[in-house]
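*Asks:* From TrEMBL, here are the annotated features:
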DOMAIN    1-150  domain 'Myotubularin phosphatase'
DOMAIN    8-52  domain 'Tyrosine specific protein phosphatases'
ACT_SITE  39  active site, phosphocysteine intermediate
BINDING   39, 40, 41, 42, 43, 44, 45  substrate binding site
């Protein structure tokens, strides 16, 4: 099981994501420098890193209300392609578009939560419920590839 996990490079992705968020937050908070974050296409790594940095920098985003605002602004309104990435689209043109980007981000938040539980207003159960509803299609929140499609 451990070698199967290692072959996915999941933990390496989490490590790189967390290191990048720490670098961004450190540049802003300690050095007072502006930061521009943009991955190759802007859809996946950008919201992961920026949203993690916001959690590190501002305690508001560690509250229930703040976390909801963060997901809405940096994922939903930003236009994350939930339909393609989660495989919710009826006509999937490219199977390679499926990727657990949002799930990776939630796992990174979970890692922070496990290390600093007293700094968060929510708990692991909240994150698990969010993962379940991301893939359940029970609500329209995580369907489609844009706010317009939702």
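Including glycine, each Cβ sits where the backbone N, Cα and C put it.
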*Asks:* What counts of helix, strand and coil residues does DSSP assign across the domain 'Tyrosine specific protein phosphatases' (8-52)?
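*Replies:* Its residues divide into 29 helix, 0 strand, 16 coil.
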*Asks:* Return only the integer: C-alpha distance in Å from residue 45 (substrate binding site) to residue 39 (active site, phosphocysteine intermediate).
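*Replies:* Distance (Cα to Cα, whole Å): 6 Å.
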*Asks:* Tell me, what is the mean pLDDT of the domain 'Myotubularin phosphatase' (1-150)?
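*Replies:* Averaged over the domain 'Myotubularin phosphatase' (1-150), per-residue pLDDT gives 89.
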*Asks:* For the domain 'Myotubularin phosphatase' (1-150), give the DSSP counts of helix residues, strand residues and coil residues.
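*Replies:* The domain 'Myotubularin phosphatase' (1-150) comes out at 99 helix, 0 strand, 51 coil.
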*Asks:* Name, in the order they occur in the sequence, the residues of the same chain whose CB lies under 8 A from the CB of residue 44 (substrate binding site) and which sit 6 or more residues away.
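*Replies:* Long-range Cβ contacts: 85, 99, 101.
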*Asks:* For residue 40 (substrate binding site), which residues of its chain lie six or more apart in sequence with Cβ-Cβ distance below 8 Å?
*Replies:* none
